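Lifted from Swiss-Prot, the feature list:
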- 1-491: region 'COX1' (REGION)
- 41-61: transmembrane segment (TRANSMEM)
- Glu64: Ca(2+) binding site (BINDING)
- His85, His402: Fe(II)-heme a binding site (BINDING)
- 87-111: transmembrane segment (TRANSMEM)
- 130-150: transmembrane segment (TRANSMEM)
- 173-193: transmembrane segment (TRANSMEM)
- 211-231: transmembrane segment (TRANSMEM)
- 262-278: transmembrane segment (TRANSMEM)
- His264, His314, His315: Cu cation B binding site (BINDING)
- Tyr268: O2 binding site (BINDING)
- 290-310: transmembrane segment (TRANSMEM)
- 335-355: transmembrane segment (TRANSMEM)
- 362-382: transmembrane segment (TRANSMEM)
- His392, Asp393: Mg(2+) binding site (BINDING)
- 396-416: transmembrane segment (TRANSMEM)
- His400: heme a3 binding site (BINDING)
- 492-773: region 'COX2' (REGION)
- 555-575: transmembrane segment (TRANSMEM)
- 604-624: transmembrane segment (TRANSMEM)
- His709, Cys744, Cys748, His752: Cu cation A binding site (BINDING)
Amino acid sequence: MKLLEIYDKQLVEQEEGGFRAILTRYLNKWIFTVDHKLIGTMYITFSIFAGIIGTLLSLVIPMELSTGNMLEGDSQQYNVIVTAHGLIMIFFVVMYCSMPAMLGGFANWFLPIMVGAPDVAFPRLNNISLWLIVVSFGLLLTSSCVGIGAGTGWTVYPPLSMMEYHPGHAVDVGILSLHIAGASSLVGAINFLTTVFNMKIAGLSWPKVSLFVWSVVITAVLLVLSLPVLAGGLTMLITDRNFETTFFDPIGGGDPILYQHLFHPEVYILILPGFGIISIIISRYSNKGIFGVKGMISAMSAIGFLGFLVWAYHHMYTVGLDVDTRAYFTAATMIIAIPTGIKIFSWLATLWGGVIKITTPMLFVIGFLVLFTIGGLTGVVLANGGLDISLHDTYYVVAHFHYVLSMGAIFAIFAGYYYYYAIMNSNRILGIVRYNEQLGRIHFWTMFIGVNVTFFPMHFLGLAGMPRRIGDYPDAYIGWNLIASYGSLITAFGLLFFFVNIFTPYFKKKALISKKFQRGAMILMGLDFSRDWQIGFQDPATPIMEGIIDLHNYIFFYLIVVAVFIGWVMGRILWRFAYKWSYPTIGDIEIFKNFTAYNQIIHGTVIEIVWTLIPTVILYLIAIPSFTLLYAMDEIINPTVTIKIIGHQWYWSYEYGDNSSNLVEFDSYMVYERDLNEGQLRLLEVDNSMIVPVKTHIRLIITSGDVLHSWAVPSFGIKVDAVPGRLNQIGLYVKREGTFYGQCSELCGVDHGFMPIKVEAVKVQEYLGRLYK
């Protein structure tokens, strides 16, 4: 009582000191604080603020895509919004609320407590890390408002990010923002590593350390090793822009693909901390210890190690890597699915036989398991170097990425926030603050439905060949885009319940909703889709595309079996073992366990080996046809016709062997823009129409005269990046006549959202006649 009286006396003296004393008190408490709990609270508050801005930007994107034309502005403005949304959600929400809500929010709050430390090792560095990220966020918002804005995409790939295509200082400010964000992450990672290794209490052995602490340690190690590489890549990029260096400029001997090797998307860094939170909540609400703790630690360590070996995963298969390199990345990416599968099965084994209590955090955990599993299965699809040729840079990739992050990391964030809500928000003045359970469940169900309605149709758009990062597209894609737009509104509506739920206890202690939550049915209106643009690939016109479709169906046979098995296990867990007593006693739990017909899965080495063998065998069965197709696609059999494709003007040059085996050269200017019917093809450059002979082996040589392009014709199974300074080649054999459409599907540095490509496949005689004509 004496300490409290002294504290109250100090508060009275400060209040009597006037405005200056009050200002000093608040500055010392919030701005200059070294208290790890206050810093953790400010990290989470900042992440919520950044999440609001990122979510508002994300709502603009589906609204733009709800119609086939640009609603307002041009494609540059659309790309600026896409870039800002991606950078904010990756670096300031997921990274600083999922990862440093392990290295920012949750970790600051609970990691010192879990290892028995009074605070972090370097409290002042902890404060610097927080305010660096705030400054970085301000610079990022500024970059979207300076000049034409930074419309490079969140990966900031050159040459599009070079001064020629993004003049002004918008990209420079964005690069500086990422530099400062990296410094903040690096400082935080070093701080937590030092805290765990130097301040862990003596009696706490490593096997007994919380899985959350393990996830933070592994993530921090990844950050310490990867962020300097990212900083080096950004430094080279900004010197290319301002100091005439040529690290990424082929004119001076550089290579724009080098940047893609350096700027590896840190997906594994982002998702690992969420694993720790999920493990804690599953253990708490199933009334069991986590199954196979050592196996879980080993799985996270393996994911962290393998994450450094798969940097070309799914986004570099088309840049011109040789076939052996692509085969390596295919194998390495499949292998990383094994420890991930071990974690999923171990979580299910923990739930199996447990006394489960369904609460809001547990609902988000179950949602995480379902949605992260879907994202992982589509990740196995994209890991295949042959199959990814058709799916690269389409909305299939967008769907996969968001299922892993928007529904993986973000659901883990919500689960952790609800789980620790009372601990983080209770104090002397307010007492114990609790969220409203019914509002939390409404938040979960609306968001769960919303994100699935938003992102699941994107798989179908990707299979049909719709490219990402465009604001304009053919009308054939409008149906699924419209459904995705409705889903984004449902998700935003669900987030309103979250904000009402977390802020209401500060103003009103009684529950807002007194009636029992009733589930509603959602009716989706059917839309009239053309058969060719529904839920599958476009009709194949080449053996390669037929092989891609066969491989896709083969892979999905196994993945559907896995998904059905996991779904059956989760259904049995929730149906048979759901325990609805609010406050079960130990005796009740023992009676319940003895009453059930199923025995609990005990901790043992045999079952952990089974968990490892199941994904290993399935991936081995998938790898055999995958490698067969990959090497078959690389073969170019005695090409009769060689076609060189040069972007950005899409100029075609032809070489055809005549009867004397001499090469006859032709150019592509056969169909001029003035000769096309009005409205036939939108946003033309010089010429985007070419002809090819059917049943003839063709070699395509693709390069670019300016920025990166992605030249794609879905019916051919072709998607090749046109890179300045590189000659990428691919074989082609068209089996049937017809007119096929493709697209340039990357950010090309020009004011267009969708550049269509028209390819006519005709008989050899007609082909030669049109060339000579």
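Placement of Cβ uses the backbone N, Cα and C atoms for every residue, glycine included.
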Inter-residue C-alpha distance, His392 (Mg(2+) binding site) and His315 (Cu cation B binding site) (nearest angstrom):
7
I need the CA-to-CA distance for Tyr268 (O2 binding site) versus His402 (Fe(II)-heme a binding site), whole Å please.
14
Please report, as numbers and ranges, the same-chain residues at least 6 past the borders of the transmembrane segment (290-310) whose CB is under 8 Å from any CB of it.
207, 211, 214-215, 218-219, 221-222, 225-226, 267-269, 272, 275, 279, 282-283, 329, 332-333, 335-336, 338-340, 342-343, 346-347, 349-350, 601, 603, 607-608, 611
Helix, strand or coil: which one is His709 (Cu cation A binding site) in, per DSSP?
strand
Would you mind reading off the Cα separation of His314 (Cu cation B binding site) from Asp393 (Mg(2+) binding site), to the nearest angstrom?
9
Of all the binding-site residues given, His315, His392, His402, which residue's CB has the most CB neighbours within 10 A?
His392
Relative to the Cβ position of Tyr268 (O2 binding site), how many further Cβ atoms are located within 10 Å?
24
Distance [Cα-Cα, Å, rounded] between the residue listed as 'Ca(2+) binding site' and Cys744 (Cu cation A binding site):
19
List nothing but the one residue from His85, His400, His709 whose Cβ has the fewest other Cβ atoms within 10 Å; the candidates are the binding-site residues.
His85
Average the pLDDT scores across the region 'COX1' (1-491) and report the rounded value.
86
Express the distance between the Cα positions of the residue listed as 'heme a3 binding site' and Asp393 (Mg(2+) binding site) as a whole number of Å.
12
Top Cα neighbour of Asp393 (Mg(2+) binding site) in the set of binding-site residues His85, His315, His402, His709, Cys744:
His315
Determine the minimum-neighbour residue: among His314, Asp393, Cys744, listed as binding-site residues, which Cβ has the fewest other Cβ atoms within 10 angstroms?
Asp393
